[in-house]
Amino acid sequence: MKAKEIVTLQRSLLVDTEKLLNTQVEMEGTSSAYYLSMASWCHMMGYENAAKYLYTHSDEERMHMMKIFQYINEAGGHAFQPEITGIRHNFNSLREIFELILEHEIAVTKSINNIVDHAFSKKDFATFSFMQWYVTEQREEETMSRRALELFDIIGEEGVGLWTIDQELGKLHAAAHPQV
Ligand code: OFO
């Protein structure tokens with residue numbers, strides 16, 4: 001019997017579940033890198049509050065990655081440090097950034113839902129239970145991303161519009177992270 005087969009006999013985590021979780025590690029790591037790149041663009045462009053919002057969001061995504069990383073190893077699997085390349089550095093506008101964030105968060109939600117569905121169908125209730133935190137988190141993140149994007153339509157981008165949007169992004173960030 002191969003070493004890998006012996007290891008999988010000593011754990012309840014299925015190989016295909018481990019693969020899905022490692023794919024999610026990569027997705028959370030990509031989110032962190034993507035938001036850091038967006039934060040840098042905002043910072044460079046003088047959108048101070050948008051930059052703060054995105055630096056924090058990037059840190060949070062790394063924390064999301066690490067929670068799954070630790071879970072895989074604690075469950076007897078092997079978490080892989082993901083290779084993250086091809087991160088975009090330039091953006092056309094502040095609005096484009098927040099459109100991309102909402103789109104990205106919806107993709108993350110679908111990926112989380114897929115793991116939850118898989119874990120339930122395999123009767124892996126430990127992973128199913130562990131992933132509930134992410135279900136709630138995605139619900140909150142999608143709402144926050146939608147609120148941010150709505151600011152562009154409510155306020156408008158003309159005149160002092162973009163400055164005002166940046167101020168409002170600062171308030172959204174402060175409400176969600178009173179400790180930062
Ligand atoms: Fe990891 O929560 Fe968004 O992507």
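Positions of Cβ are set from backbone N, Cα and C atoms, glycine also.
Database features, via TrEMBL:
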DOMAIN    11-156  domain 'Ferritin-like diiron'
BINDING   Glu28, Glu61, His64, Glu105, Gln138  Fe cation binding site
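Report note: the Fe cation site is defined by Glu28, Glu61, His64, Glu105, Gln138, and the residues of the same chain whose CB lies within 8 Å of the CB centroid of those residues, excluding them, are Met27, Ser31, Glu60, Val108, Tyr134, Glu137, Glu141. Of the listed binding-site residues Glu28, Glu105, the Cβ environment within 10 Å is emptiest of other Cβ atoms at Glu105. In the shown protein chains, 22 other C-beta atoms lie within 10 A of the C-beta of Glu61 (Fe cation binding site). When Cβ atoms from all protein chains are considered, those within 10 Å of Gln138 (Fe cation binding site) total 19, not counting its own. In the predicted model, the domain 'Ferritin-like diiron' (11-156) shows an average pLDDT of 97.
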